Amino acid sequence: MSFTSGGSRWSDVWLAATARGTTICGDFLAATALALALQAAGASGLAVSGLLLAATLPLVVLAPLAGRLADRVDSRRLLVTVGLAQAALCALLAFAEHPVLVIGLVALLACGLAVTQPCLAALLPAMVRPDDLPRASAVNQTAVSLGALAGPVLAGLLVGQFGTRVPLLLDAVSYLALVVAGLLLRTRRGGRRTATATAATTTGPAPAWRLRRDPLLLAVVVTTAAVIAAIGGINVIEVFFIRDTLDSSATIYGLVGAAWMAGMLPGSWLAARLARRLTDDGALVYGVLATLGGCSLMVVLASAVPAAGLLVPLWLVGGAANGGENVFANVLTARRAPEALRARAYATYGAAVQGGSMAGYLAGGALLAVLPPRPLIAVAGAAGLLVVLAFVPVVVRAVRRAGSAVGPVEPAVAAEPGGRAVGAELATPVPGR
């Protein structure tokens, strides 16, 4: 893999993290505002799930193309062009009223995210030395968590005062942070840079990394997608559970959603410290499995609360597990994917996660039409736990297989001048729930 050959560029790390955190805040602000508007208008669970699907489907369908684009096109050009396009689309969304137009614009925004997400994720290892990757990953995850923490709270406050237009206009402004980052970042990749780095660190043909040939990464991707499919419906059910079943306000709904993101802050830092000590990739896979189980358990417990306020401590713990899962899974991705294909690896992983989310959205929206929210939350959490238990033997076999395999399933590494191989660690900024 290719890392910076000099000192770590911490100014780039903080700039990229700030840009990503700002856009995440805007995205969560807009998503929460639109969900509240649909609920207040008497929309069904299927309407909410349709909105979420519009924001998710492009990340799945466009993953192969978007990852290849992020690997081959200069990162500055991508961030500036896509950032400007997303700002314009979100400004139009603020004035759109017809549901079909709203869903269409949301889908177009997600097309931009499908490109910028792997682009930023693949840039981070190029900014720092291998030993600094855990800290840089935690900085990035912290910025994202803070943005996701602020978004729902701001939405709960602003929607009640101004409706949905102001939150959506603020989201449009937030996308300009991508433009600023693209112009100011010294670290760049894609295009000729990636080709040059690959030629400088390899003596043979370009690496032919494939997910299906890597048992560890394949196990993580499949397990994570399956668990998210099981518990992902909570994103559709939650607004009805809090607002209708627990009879709480829009502000409380925003605060409860923020609790999950708040929990991701300590969770990501603890996982980053632990990941730095884990030289065995198999241990990271077990970490993913444990944190997915923790998320599912908190969802089960949430189904029994009598008041919305009691969701806060459960969501704090669940968020901590979620933050840890993000770090463990993406540390593994960066260790095992070669530099020239790094964005494609992240796009593939992200597509699997978003595909699981889509399945959860569809199931949650459909089941809300026939069942009340509380039992649905219990079923979702229990299903997540069952999936984790079912995948334990699968993961154990994958770890054993990777330990005895050679060739394509070995971690992708680069050699230092002294001949010592170095690994890579990276956390993508994608909170998932």
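Cβ atoms are placed via backbone N, Cα and C, with glycine included.
What TrEMBL says about this protein:
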{"type": "DOMAIN", "residues": "1-396", "note": "domain 'Major facilitator superfamily (MFS) profile'"}
{"type": "TRANSMEM", "residues": "21-40", "note": "transmembrane segment"}
{"type": "TRANSMEM", "residues": "46-66", "note": "transmembrane segment"}
{"type": "TRANSMEM", "residues": "78-96", "note": "transmembrane segment"}
{"type": "TRANSMEM", "residues": "102-126", "note": "transmembrane segment"}
{"type": "TRANSMEM", "residues": "138-160", "note": "transmembrane segment"}
{"type": "TRANSMEM", "residues": "166-185", "note": "transmembrane segment"}
{"type": "TRANSMEM", "residues": "216-240", "note": "transmembrane segment"}
{"type": "TRANSMEM", "residues": "252-272", "note": "transmembrane segment"}
{"type": "TRANSMEM", "residues": "284-308", "note": "transmembrane segment"}
{"type": "TRANSMEM", "residues": "314-334", "note": "transmembrane segment"}
{"type": "TRANSMEM", "residues": "346-370", "note": "transmembrane segment"}
{"type": "TRANSMEM", "residues": "376-396", "note": "transmembrane segment"}
Segment proximity, the transmembrane segment (78-96) to the transmembrane segment (216-240), 3 or more C-beta pairs under 8 Å: no
Arithmetic mean of per-residue pLDDT over the domain 'Major facilitator superfamily (MFS) profile' (1-396): 85
Within-chain partners of the transmembrane segment (21-40) [C-beta distance under 8 Å, separation at least 6 from its ends]: 47-48, 51-52, 55, 90, 93, 102, 106, 113, 116, 142-144, 146-148, 150-152, 154-156, 158-159, 163-164, 167-168, 170-175, 177-178, 239-240, 243, 250, 253-254, 257, 261, 429, 431
Long-range Cβ neighbours of the transmembrane segment (46-66) (under 8 Å; 6 or more residues past either end): 31, 34-35, 38-39, 99, 102-104, 106-111, 113-115, 117-118, 235-236, 239, 344, 347-348, 350-351, 354-355, 357-358, 361-362, 364-366, 368-369
